[in-house]
Amino acid sequence: MLALDARAEVDRIVDTLRKQVLGTLRRRGVVVGLSGGIDSSVVATLCTRAFGKDKVLGLFMPERDSSGDSLRLGRRVAAQLGIENILEDIGPAVEAVGAYRRQLEAIRTVVPDYGDGWKCKLVIEPVLESNGLNITRLTVQDPEGKVDTVRLSPAAYLQIVAATNYKQRLRKMTEYYHADRLKYAVAGTPNRLEYDQGFFVKQGDGTADVMPIVHLYKTQVYQLAEYLGVDEEIRQRPPTTDTFSMAQSQEEFYFALPYHLMDLCLYGLNHGIASDEVAAVAGLTEPQLQKVYKDIDAKRRAAHYLHARPLLSVEIGED
């Protein structure tokens with residue numbers, strides 16, 4: 001259902017990137033944030049094919065909650081591609097804007113003892129086990145390793161998300177600094193599942209000049225990764241958010257189903273495929289599939305704000 005001709009797709013994307021960056025945008029090359037994940041690795045590889053290794057800048061932008069694997073694998077990608085790369089520790093900037101403090105304040109409204117040595121992450125209930133409500137909870141781990149999960153108030157949840165969103169926005173500011181000084185374009189890394197479902201930060205990782213893989217389902221990104229020779233450890237690494245201090249999968253935090261099932265359901269919904277056929281391929285019952293479809297529609301409604309352009313008091317006709 002999601003199989004593609006990887007060679008033809010790579011050739012098409014590379015050709016499009018050249019036309020967009022060199023022609024439409026009149027930039028000399030591209031900046032890519034390297035997270036050590038599958039999406040940024042594929043985008044960096046595509047950009048290197050399009051512009052050559054001397055016209056691609058890879059950025060590593062860790063902070064104190066980042067996994068060490070992200071930097072290690074990101075460096076491996078840059079080394080294999082032979083591209084210029086820079087380490088930008090955004091931790092001091094995250095600290096300076098008060099992101100850690102604001103997150104801590106919100107957490108302490110539900111876990112008063114939370115402090116040094118503790119770790120946390122946000123989690124949602126798997127959609128197939130839920131009653132239809134996407135309720136986010138906070139999981140914490142104390143210095144002795146004891147784990148507990150508590151329900152958040154709406155205000156605490158929103159403040160935690162708002163505070164952590166600083167990280168993505170500071171990374172994007174850093175990307176644009178280097179893009180401006182080099183006269184480069186910023187390449188975004190969202191795939192179709194993430195972009196459709198709103199799994200990005202407005203004016204953060206959802207912002208870019210070009211988005212080479214935004215039309216591809218996550219499953220298809222993995223197909224390109226294999227064709228392009230992306231490092232096997234990266235291809236085998238489970239998708240993570242790398243946002244909170246506790247290790248966290250994307251399905252724990254947002255999608256509530258493994259990406260390959262979300263892809264199948266989203267593809268089926270987008271292409272009007274009969275629900276019984278989609279359910280059979282995904283290994284779901286019809287009621288389970290309808291739960292997934294309901295979740296997809298709910299996230300699409302929530303993502304409308306993230307995709308929206310600024311609203312003008314008077315429409316301007318000029319482009």
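Cβ atoms are placed via backbone N, Cα and C, with glycine included.
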* To do: Given that Swiss-Prot annotates Gly33, Leu34, Ser35, Gly36, Gly37, Ile38, Asp39, Ser40, Lys218, Thr240 as ATP-binding, name the residue from Thr164, Thr174, Thr189, Thr285 that shares the site.
  => Thr189
* To do: Determine the minimum-neighbour residue: among Glu194, Asp209, listed as binding-site residues, which Cβ has the fewest other Cβ atoms within 10 angstroms?
  => Asp209
* Structure fact -> Out of the binding-site residues Ser35, Thr189, Thr240, the residue with the smallest number of other Cβ atoms within 10 Å is Thr240
* When the Cα-Cα distance from Thr240 (ATP binding site) is computed for each of the binding-site residues Arg169, Glu194, Asp209, which gives the smallest value? -> Glu194
* **Fewest-neighbour residue among binding-site residues, criterion Cβ within 10 Å, set Gly33, Gly37** => Gly37
* To do: For Asp39 (ATP binding site), name the DSSP secondary structure in the helix/strand/coil scheme.
  => helix
* Structure fact -> Cα of Gly33 (ATP binding site) to Cα of Lys202 (deamido-NAD(+) binding site), in Å and rounded, measures 16
* Any idea what DSSP makes of Asp209 (deamido-NAD(+) binding site), helix, strand or coil? -> coil
